Amino acid sequence: MTSDEVLVARGVSKSYGGVRALKDVTFTAYRGKVNVLVGENGAGKSTLMKILSGSEQPTAGEILLDGEPVKLASPRDAMARGIGIIHQELSLFPNLSIAENIFAGRELRRARRFVDGGEQRRRTREVLRRLGQDLDPDTLVGDLPIGQQQLVEIGRALLEDVRVLIMDEPTSALSSHEVDVLFDVMGDLRAQDVTVIYISHKLDEFRRIGDWVTVFRDGGLVAHESMSRTDTGWIVRQMVGRDPDTLYTRNTSPTGDVLLDVRNLTVPGPTRALVDDVSLTVRAGEVVGVYGLMGAGRTELVECLMGLRRASTGEVRVRGTLEPKATVRARLKAGLALVPEDRQRDGLVQTMSVRDNILLATIGRLTKAGLLRGGAEQRTAAAKVAELAIKMPGLAATVTALSGGNQQKVVLARALLTEPVVLLLDEPTRGIDVGAKGQIATLMAELAAAGFGVLFISSELAEVIAMADRVLVMARGRVTAEFTAANVTEEALVTASASEGVMA
Amino acid sequence: MTDTTVAPPAPAPAEAPPGNQALAKAALLLLRGRTLVVLVVLVAFFSAISPEYLTQSNLILMTKHVAINAILAIGVTFVILTGGIDLSVGSIAGLASMVSGGLLFTGLALPGGTVFFSVAVVILIGIVVGALVGAVNGLLVTRFKVAPFIATLGMLYVARGVAQLRSDGGTFPDLAGTPERGNQGFHVIGVDSLLGIPVAVWIMAAVAAAAIVVTTRTPFGRRVYAVGGNERAAVLSGIRVNRVKIAVYVISGACAALAGLLLTSELGAAYPDTATTYELNAIAAAVLGGTALAGGRGTIIGTVMGAFVIGFLSDGLVLVGVSTFWQSVVKGAVIVFAVITEQAQQRLQSGLAKRTA
């Protein structure tokens, strides 16, 4: 054992009931390095992180910290030993200010009893500056866009004196500028000899920052390698056990009529227009990508198209027909369907079964004399499950028992049942694993081939370039550039997404 | 479309200890049916102490008491399923009682003279009044975005006040009607029996059956659960959430009015403070039956069982001579205990789901 090995999990296994989530894993995190963990959802990464951060206990094996066996009984216990974790799901209080969030549970005291608000604000401002965010510490966290909320979460961990910082997909909601800031911070931490354990799905990102990469598959550790000795293809092969070229399927179908025609759409906002004079078209058989930074107005655009937000000006035509009525029902009827960005918040009814979730939007069609036809419900849902290859314990299982990718397919199945002509997909691959991403990409290409128009939002350069026939770039509510698959490059997308005005 | 990547077969659940799993499943079944279990235990307990308890006449009497609370609770369950709450049902029952009682006793004074309606019409008017009050609740919650707790708390006072205004606080003492006025027979719904079972119990059974069909077999029922489970997802699925919400308050108001009329018929007189605090028993029955106050989870059958537990418990305690003060303590403890077991059920359920996923 060398002194470079800060945190070691030796022969660790973890079983939940009868299922082994982690099988005899030996994992090493090196001092002052960024140790990247990759693997599909359910591969065991998160379970290992829960064990290393003290929120779960291993069924077998031991944890060594600086070569000494330790027992991490609770997250607080792990924190006391300098192991901090930033979870993928935000654990912030939206009703409290940034400063109050950062010091939640460890408020600075004055005269022992009273919260020292001034000092908390001052130190919060310091942390925010370190993260490149010039924010008022008194801003309510609920008022921040999700990317900045994530940075607050990171700021919270930075305040502690961490030796090992575990980050579980911290960039899933960040714009590329925010990711740059985060990577700078990680670079600083590394220079200060802090060990970072970094879980990510984004291949193009973690290759920039990682020193070591460890790949998990099916509860086991399948590869552990110095980043410099790997390439993207190797990593993906280790993760999915097959070749990465098959990952994204490009749409090759010929384009047909204009299905969606949006002209001069503007959605007013508190300070500036959220969507500013946007015009676009989507044709049958076409996959159109919308790239942009967080807060560029992409989500607001599709929400407005779907009738969830009011436009102040502009026209929406579907199949050539003007659709003046901007309600969700009217737009569904016109032939639009939205798969939202935040599945848990906007997509799924968590208390309902897989079947009921799939049928939710079209339940009114499955009746006879006003009563639901159980057989038809079962058949309709089962057919969509088979069509989209949804993996699940059963149609009657609660939808929360499914993996992220399969939950996404449930929301997609519901949208498809409304018989749309144009599908609006907001970050369809966010938070799902590589294998499932590939499946979603394939599905999109198949939908286009079947004559649908597909408009999808993505923050991942590689994805949007690989999947879209045409890419629109949005910045500050405007469409600043448009590229075809032939002339799109990563540099051009990044430049356009940061641009203030419309580029020629 | 159909050519999607074929999913690999799910891995066999590795070496699951079958004993544990079976035990957990048995426990879950017991927890799911816990209201029934509690009911059986209650009946066994009280009949062991008092020979009177399990007699036919006592069972019929207790079930009649249950009927009124059950009808109130069924209405409230619809509201709670959408994530709302209805505190005004007791007052709506009182208001319906005074409106219908007034129509029977003093009639409706019109410019051309006083008009009397038949009993059927009077009952219908009472129920419509309840539904309208419910509609006001629904509009407050949807159009004016008042929190359901506040909107219906306000209505609790307003409806009660209007009920008292109807008679200046007095009572309509005689609802028997006269042959000349053609309004006899109000006693049928609250006093009479059909095939040895009180009419009120038949009405409860009919309301429960209809509510079960609506919640489990209609698109509207599915939407009620969806609105309570995740309102944003419901909106995005094209569900007119406001309409669903207004509808559940209308249902609740109508049920409350019906319950108020049954109670009035049973008493033979209309008092302005009829059914005061009954909203609490109704909510308690729904919660006891497993309806989650957060919305999205619960069943009508559970609510009816909950009403039975509350009714059989209260009457049992009276029968064995427990003081009213202790009755209150026991009832409160049972309600809280019910919620604790509900949470145990949820934990166990999601635990099992994860394992089989």
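Glycine residues also receive a Cβ, built from the backbone N, Cα and C atoms like all the rest.
What TrEMBL records for this protein:
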type     : residues  : note
TRANSMEM : B:35-54   : transmembrane segment
TRANSMEM : B:66-85   : transmembrane segment
TRANSMEM : B:92-110  : transmembrane segment
TRANSMEM : B:116-139 : transmembrane segment
TRANSMEM : B:146-165 : transmembrane segment
TRANSMEM : B:185-214 : transmembrane segment
TRANSMEM : B:246-263 : transmembrane segment
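Sequence-distant contacts of the transmembrane segment (B:35-54), counting only residues of its own chain at least 6 positions beyond either end whose CB sits under 8 Å from a CB of the stretch, comprise 288-290, 302, 305-306, 308-309, 312-313, 316, 319-320, 334, 338. Beyond its flanks by at least six residues, the transmembrane segment (B:92-110) meets 72, 116-117, 119, 122-123, 125-127, 129-130, 133-134, 155, 159-160, 162-164, 166-167, 172-175, 177, 181, 183, 186, 253, 256-261, 263-264, 269-276, 278 of its own chain at Cβ-Cβ distances under 8 Å.
Just going by CB pairs under 8 A, the stretch in B:116-139, B:146-165, B:246-263 that sits most against the transmembrane segment (B:66-85) is B:246-263.
Same-chain residues lying 6+ beyond the ends of the transmembrane segment (B:246-263) with a Cβ under 8 Å from its Cβ atoms: 67-69, 71-72, 74-76, 78-79, 81-82, 84, 86, 88-90, 92-97, 100, 123, 126-135, 137-139, 141-142, 189-190, 200, 203, 207, 220, 224, 274-275, 278.
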